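Report on the following structure.
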């Protein structure tokens, strides 16, 4: 079908499609095609199923606008297909597929005629649930894989672009080894390479043009700070919003190639990376906690962990990032994280992820759930900030069939956080904030809410990006808690949780959570200052 339409389009702007000599034709499969011509040009083609009399295909040519529209129905009358083929220039056209129910964009490609052949140059990535465009992939002639990806808004305006390099021999997996980020005007924002040599001093010197800025950042990195563990996908440790926050472990000299702390892992002071996909030769078990980007997971490079970590540490003074990166469902990885938390008396851990439910399709092995539960259970003095989870259905975690782990665990050292429909707080507006439509909730299971819609934070490769999710709400709350701890260092993590719950802002219409409200930074800070801890 596409080949036929392309052949018709190739003549649209140069000469009219030929009008058939007959008004209708029959084929050998029980269909009749009728033709309507205007001024000697083919205008409409209608195909009918002879036995039922139903229209099954309609193709309309608008030569003035260079558009061919095509619709299809099943023999029993169900509307199954709607596409438009539209010229952009004399030799460039777009194939636009529309949803037959809503008329929204469902698919889109752009082609260019080269030596009489239609060559794909662009392909739009459409979210198949919301039917909104997310990205545009650009292709070189005769290439299967894109070289450039545009991150776009709903109106298809470019927000940011990425010049990508796929991993050699693994292009089919969408494995992005490196990329250059560009702003909407094409100016370079930054570069990312997942395995380029990393030296903290060199990286900080690149980030600060003045000697004073570099010295201050290096002094901060070398200062005595407490480790905070973020278990997530990976982290752009070369991002200006993260580099200085890396934890400088007193037990392990950074990047000296020696296992100083004797735990069997070399240079793991800032964390560890594990992933397991032997089928694609993507096994990872090393100290490089940078994100591994796959276009099969996201339409353009997004580092979930980078966004989360930068949000958690922003503006803090006494904390350093220890990242457990990669596949958070690997049992061995979870056990290693638990051991690290215990051995280093880690006070705070963020979990902006979900493993689902044991035994469900696509869920990790039961062993992973056992070790996930044990991380929290075996570190009772550590506060775990946990994302409640996102979705479109089954959002109430109080229902047994809506379980979502780790959010559905009921340990006292967890703070389960739902998302508000805002990116941040505006003074005087707290009464107006509601649960974000995607956020899970539960009057027995979710503790409190925090901003989680359109939250700006660090983007892999440089700059920032706005993301939605309880994954953003959890580090938002953690950041407030860490700053509260800095005000009164004598407070324990669980004492801070108690104050968070007691100082929550509760709107007139309670939010669907244990506290009934949202984390209230100013009230929390007041309470922290007023709390006297006696030895």
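Backbone N, Cα and C define each Cβ position, glycine as well.
The annotation signal peptide is assigned in TrEMBL to 1-16.
As annotated by TrEMBL, domain 'Peptidase S8/S53' applies to 228-504.
Here TrEMBL flags 232 (among others) as active site, charge relay system. Note: residue 232 (active site, charge relay system) has non-local neighbours 304, 305, 308, 309, 323, 324, 325, 328, 350, 352, 353, i.e. same-chain residues 6+ apart with C-beta under 8 A of its own C-beta. In the three-state DSSP scheme, residue 232 (active site, charge relay system) is classed as coil.
There are 21 other Cβ atoms within 10 Å of the Cβ belonging to residue 304 (active site, charge relay system). Taken from TrEMBL, the feature active site, charge relay system applies to 304 (among others).
Around the Cβ of residue 471 (active site, charge relay system), a 10 Å sphere holds 29 further Cβ atoms from the protein chains shown. Annotated active site, charge relay system per TrEMBL: 471 (among others), in sequence order.
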